[in-house]
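Asker: Got a structure here, written out as structure tokens. Questions coming.
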Amino acid sequence: MSIRTDDHEGFDRPKRRSRPRTKDRPDYSNLPVARVVSIDRGRYRCLIGDRHVTAVRGRLIDRKGIIVGDMVRLDGDVSGAEGTLSRAVEVLPRSTMLRRSADDADTFERPIVANADQLFIVTALADPQPRVGMIDRILVAAYDARIDPVLCLTKADLASPDELQEAYGPLGVPILVTEPGSDLTAVAEALADRVTVFVGHSGVGKSTLVNRLVPHAHRATAAVSELTGKGRHTSTSALAMELPGGGWIIDTPGVRSFGISHVSPDSVVGAFPDLAELAEDCPRGCRHDSTAIDCAFDDAVAEGRLSPERLASFRRMERAFA
Ligand SMILES: Nc1nc2c(ncn2[C@@H]2O[C@H](COP(=O)(O)OP(=O)(O)OP(=O)(O)O)[C@@H](O)[C@H]2O)c(=O)[nH]1
Ligand SMILES: [Zn+2]
């Protein structure tokens, strides 16, 4: 039997070398895997089953190398007992990664959430007014990351969802509509057994919805400021919460913008198998927009192989790149 110390720092600290020698890395495959549910000032709150364990970051992992939703291997004390600290020594490969740039001039990508397979674009029908530009950008980021988007429209007691349903339905985006006291069965069904990240402008009612779906979530909610029409930022960091019926919600802080400078239009087309196939007949470098010359999408519509509504809906979203 080999002797294993609790502390691998002696092994994995790169000494007199600029880069760690990966072949010398210890084998972490026997360590327990935990899900990172929140990050607060360098402390990683993790869950192993239903046990909360707090961890710090191992030295071989970058400062930004762990994000909420990551699955990590924990070394050291994983009892979760009061006052104990474990150490995250390895991040398992991510199935997806949602990123955004702060705005389009800023090419710096911020990874937001790892391993989500569904994205709820939470949008209020009023107070604050829906911004289709923002919906389009988040949609683009979702398709680029190969995360299934769902448009979740809140505050249906204040305004009708018809216009948005018409705009985004033909693209195949599932649409859910909520208001205070509304039946959440369809929402719960959409969330069941998925890992869903919630993204939305501040004040759209994300926390209100999360609190209805996850008992004991206690997400702070606040009235939308009457002066600015903008919500106050009541949630400060992403938080993963397990749903009572299975599955996870990862709530993210309200955003005011969603930059997509890191996304290429081609990657978005690739998320739609029917359009990707048509695009093979497009001229090289075709942007597939309404001014594109000889775009195969227009031919497909003319020949009845693509519905004009679907093309219009796709082009509306692609305007996010303009
Ligand atoms: N009329 C109406 N008001 C709602 C609805 N859902 C939430 N609200 C109100 O909208 C305000 C903002 O709700 P929150 O749940 O705090 O919004 P949030 O999206 O979590 O905001 P941030 O924490 O800033 O990201 C609160 O006053 C809620 O009571 C709804 O369906 N209809
Ligand atoms: Zn084209």
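Glycine is treated like the rest: Cβ placed from N, Cα and C.
Just so you know, TrEMBL annotations never went through curation; they're auto-generated.
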Asker: Please pick, from Cys152, Cys295, the residue that TrEMBL records in the Zn(2+) site together with Cys282, Cys286, His288.
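Answerer: Among the candidates, TrEMBL records only Cys295 at this Zn(2+) site.
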Asker: If you count Cβ atoms within 10 Å of the Cβ of Ser202 (GTP binding site), leaving out that atom itself, what do you get?
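Answerer: Other Cβ atoms within 10 Å of Ser202 (GTP binding site): 19.
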Asker: Between Val204 (GTP binding site) and Cys282 (Zn(2+) binding site), how far is it from one CA atom to the other, in Å?
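Answerer: For Val204 (GTP binding site) versus Cys282 (Zn(2+) binding site), the Cα atoms are 39 Å apart.
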Asker: Can you tell which of Lys206, His288 has the least company, meaning the fewest other C-beta atoms within 10 angstroms of its C-beta, among these binding-site residues?
Answerer: His288
Asker: Determine, using Cα-Cα distances only, which of these binding-site residues is closest to Thr208 (GTP binding site): Cys282, Cys286, His288, Cys295.
Answerer: His288
